[in-house]
Amino acid sequence: MMDRPNDGYGAPLTSTGSNMDRDTRLPTAIASSTQSRWVVIVAAVAGILALLAVAVSQANYQRVQAEETAVESNRARVIAFEQFVLRTLEAAELATQHLVEHVLDRVPDDATLLSRLKHDQTAAMPLFSGIVISPDGRNPVFSGIERVPSSTLDEMDRVSRSSRGGLVVTRPLPVAGRGNLVAVVRSVPADRGGGFVAVLIEPAKFTDFSVGVSFHSEDLISLIGLDGITRARRQGSIHSSGEDVRNTLVMRRQFARPNGTYLGPSVLDGTWRYFSHRRIPKYQLFATSGTSLAVVRERIEQWQIVRLSILIALVLAICAASFALLTSMDRRQRRLNKIMAANIRLNEAQRIGKIGDWDYFPGEDRLHWSDNLRAMYGRDESETVSKLGDIAEYSDSRDISRVTGEIRKVLETGATRSYELNARMRDGTLSARRIIAAPVYNDSGEIIGVHGIDQDVTGEVNLRRAEERLQEIARLDSMGALAATLAHELNQPLGSATNYLAAAKRRLGMNSPKEVIEGLVRDALRQLHHLSKIIESARDLVKHDAAIEEVASVPEILASVVELLRSIRKGRRTIIETYVEPDAQEVWANVAQLKQVLFNLGRNGIEALADSDEPKLVFTAQATSDGWQFCVTDNGPGMPEDFDPFATLTTNKKEGLGLGLSICRTIIEAHGGRIWVDKSSARGTTVCFFISSQSSRLEVANEPA
């Protein structure tokens, strides 16, 4: 698909009506009314109040939800805690039953009993810190512990006698080297000798169910006996046991509602918590779990901070949007005023630059003239719109065909076209016009017309013609100087050739040897050949129709220029040298113009060497990344500091118009290059010029205007 031409600023030209009726398309005033402002303010306030109402409602709802969630979570945790304790005690029950049935299956002696106990798998279970067996209530046998205080043994014996064959979980009892341990005691039937067996468990084993689970420092779980003595307690990561909570709130709540939930202060630290209880009647215990009210409210506050931040952000957004909406009304008016002012400045700039624009829509055969264009062509204000055929008033038939042909190409190809023509104004004067035409697209991407710029370039054309005449004068000036010099310099080879031929004629009449006569003729031919080379170089330099750029040999160009310079040098012999870098053997240029530049620079250098003791002129050529650089160096006295050698009609010579170096600059700039004085001192002058490569010139030429 063909790319759309743009308006010079990167945007495709699209039709929004005529490009000329800018003033009618720009609104004269857009102001925000008081009613509109109040609508915006009331809407903003209503929105903020609605947000506040929603935020308060959500805060209350989420507070209730958070507390209910905390209670439900606490209930779930106490149930999990209860189940964990039951599994632990069931393991202890099975272990004591195993000890009674398999270790005490018959009454052994102490040594045999100790051996059986050491080899029994129950003693190796990590849940148990130790095992105590007292077959007859005396002479206890231990496993996993060294000894048990007599008070502890007495307590175990006491509870076993009161257990009536069941299982009893004692309060934490002291054990040597192990701290306080909870004993799970079972009595031994009389037919097996009586006494008791007990497994000892660390209190922390009962609360280890939450290992790896998030447990806040204020969270609390406890395993408490119905006797009011705590078997195991954990708050955060701190474990304890043995706390006496008899006749406290926790016991009163337990006896009132064994599996209930309540909010109250903790017995030990006074922290208000949601507590949930679970009775374990088989073992005369209950499990309790507590969640700190302060922690729950802290979580609620965190959510409230988030909601408050969102609310503030929304309020600020509403305020910002309202402010933007209110101020945009005034800003829009100011922008439109600026646009209208810019449009006035644009029209004035077009008037000063003698530029006008037009639109042509072939579907309506409508040609719309801008005010500036209409004024330039002397049309009345009523003649803003016309038909395309009306341009016949200003152009001859050939130019009319040119205009219609260019417009047709734009409509067919979508390409921007540029051309020049002459127009005859209503006052009879001729005006040179430069036209640039580009397509206009509709929203569907179809070409519906042409937008054009019409510029009066009469002054530019006249200046260009004057420069061309000036260049011709400079060329003729060079030819005159060259002819005057050659008239003298050609006499020498021509006279020498005449003398050689006259001598050959005399020798022929004297019947001289053939070799002598042939030698004289060869000498004459050499002089004539030298004369031919001088004339050929001069002809190449001054011929006017060599305007084609081509690839040429740099050494050959320099050789031709040097040959011509040698033929016109005056006075003593001048040393002329050339140095061409290996990568600069060929150049893309107008050969005749390049020779003229080099010849003009060389001739100026030779003229500067008139008073030099050892006159020397050096030509150098080298390639650059994007073209070629040539330099001409002489060892003359240099140029005055305030002298511009490239200015037109500026010279420090007694003869000539001083156009040589000015023409050099014109030629070099036409080659996409520049010329400059590289250095100038009492020891000589170096003038350099650069011409760009063919690709660089093509890139510059193809850049959009």
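Backbone N, Cα and C define each Cβ position, glycine as well.
In TrEMBL, annotation is done automatically, which means it is predicted and not curated.
Noted in TrEMBL for the protein shown:
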REGION    1-24  region 'Disordered'
TRANSMEM  38-56  transmembrane segment
TRANSMEM  305-326  transmembrane segment
DOMAIN    417-469  domain 'PAC'
DOMAIN    485-695  domain 'Histidine kinase'
Residues in the domain 'PAC' (417-469) grouped by DSSP into helix, strand and remaining coil: 12 helix, 30 strand, 11 coil
Same-chain residues near the transmembrane segment (305-326), Cβ under 8 Å, at least 6 residues beyond its ends: 32, 37, 40-41, 43-44, 47-48, 51-52, 55, 58-59, 62
Same-chain residues at least 6 beyond the ends of the transmembrane segment (38-56) whose Cβ lies under 8 Å from its Cβ atoms: 307-308, 311, 314-315, 318-319, 321-322, 325-326
Arithmetic mean of per-residue pLDDT over the domain 'Histidine kinase' (485-695): 77
